[in-house]
């Protein structure tokens, strides 16, 4: 059963009641006949005016139950019967006494007034019934919406419900990433919107107003498109069509569909929220995994490495061949340790867990600490240290700076072709201080000065060997976390030069303590 | 430097949850003549401490049952010198341990030689605190002499005049030879409470000391070593 038939919202409410009306009219005629018979039996004792009152019964019945016209018909029939059977001259339609005319007029008047009152009452009852039906329908629809958790399911359900309730064909279209309408579902099924449909749907989506026959704006399409409202404009458009009728929707159907679409809009907002919550949960899960990875690397990887490296350092070679083997094992284990340290720092950077506690740092001391840490690895290459003693202090996190310098020097040792490393410091062109690590390796390929700091970057076409590309990425990440800038360049006389630039704002004037 | 027998009768308690690391440390320390006991958890460590009264504990802070920083004060209060084993990136943890009374720290992965050096230093420091022998009136590195009794610093036999704060800084480190003293500890002792974060004072004083005592050294070879974010150490092996 469609809504049109169930709830009197359709245009011809009496259509189904034809049989009822005929029976009613029959009953009315019978009542008039009954009143006449009763009148005839009363005629001997009563007076004529009392008999006239008998006709009020069929008139009121017809007026209240059957409406205005049957009511008037009952009035007319009653008047005629009364006139014919009772008013002298009896058995004619002539009226001798004018006072009897008044009785006839009153009968007609009662029919008129009674039927109008009854009609109003009936209309109100019908409206209340229709409203209750709409409420029940909306509540049912809202209930079914509650169970929907995905967008596509929402659109499918909306199309199905609208088709069922209004007895129409349905299209549902949503904006794509560019805001262009795109068909998501249709009943009966269709693949895509044709040109006219797409234009009307697009207009509806863009304007937020209904478009098409019976809508706020007429269009060339025979579909009526209505927006699914959202806080930021329409979320979708729903098209309804009915090839068997001149208009897809009639009378109260349009506001009802509007209510349904408003509910669908709310449901979509809820689904969007749930999707965002789900996405947030996934992000949190990813963060949790990263933290777990961090502690796993920190403990499970470092603990055995500590034993391996400690053992290698404790071993004393018994022959020249063992000396070489042991040195190589040690340097590789140390490299692995630096790699693990870099991996941990990279995860920290990625999850934003890098702590900064800046303090006044003497760059000369920072260089010495980093060189000490790398002593065995860099002593072979030889380090030239050109850091002036009177360099201003800089505000930096000592741990992060230490890690940056270790990575830069380690990078120079590995890519510098085993020749001299130079650590130099001084004023830079921006009025700040720079600390640079230079090598004699193949240098940085032209145009790769930025990319060389990317994660896992191993420059192609260059013979820079080894490494994972993590070290320089961490240098950049840490430097930026401290407010420093890092640059890569080539030395005029060959080799690469990586520099940390301290901006003037982070330079601390050397104060003389009391 | 780490020949057998150097440990004498000193007892060392190894506190680390990893048996392989304990085995390596036991090997290193017992070879050097120390009496070694082991604990794999904080609870075991406290029981071992009570049972054996070790002179020194090598304490890993990541224990399975409790944070190593929690039992550290108990060990220190019982007269045990504590050397902390800690990861390189755990700067804050090291400072916290030193502030709680740890004698020193060794960064993992460690060099067995470094472990022995730190253990020796920490045991000497403990002996000094107990008032026993080990306090030296005159400390020497390279051609520098620090005469704590006379409050004099000599280089190549000639007296060098240090500013009062420079001398106080150097004397504080000389009183803890080879041992790291945190920035905050130095600042509190020399400049007084309230100056714990004025690290730049230390930087300036350190520069003054190096300029006056070490100008003839190759760059990067200063005996006055800074541990980034932690403190200073007077490295007497330098020179």
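Backbone N, Cα and C define each Cβ position, glycine as well.
Listed in TrEMBL for this protein:
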type: DOMAIN; residues: B:11-123; note: domain 'Response regulatory'
type: MOD_RES; residues: B:60; note: 4-aspartylphosphate
type: DNA_BIND; residues: B:136-236; note: DNA-binding region
type: DOMAIN; residues: B:136-236; note: domain 'OmpR/PhoB-type'
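There are 24 other Cβ atoms within 10 Å of the Cβ belonging to the residue listed as '4-aspartylphosphate'.
Under DSSP, the residues of the domain 'Response regulatory' (B:11-123) split into helix, strand and coil as follows: 55 helix, 29 strand, 29 coil. In the domain 'OmpR/PhoB-type' (B:136-236), the DSSP tally of helix, strand and coil residues is 34 helix, 25 strand, 42 coil.
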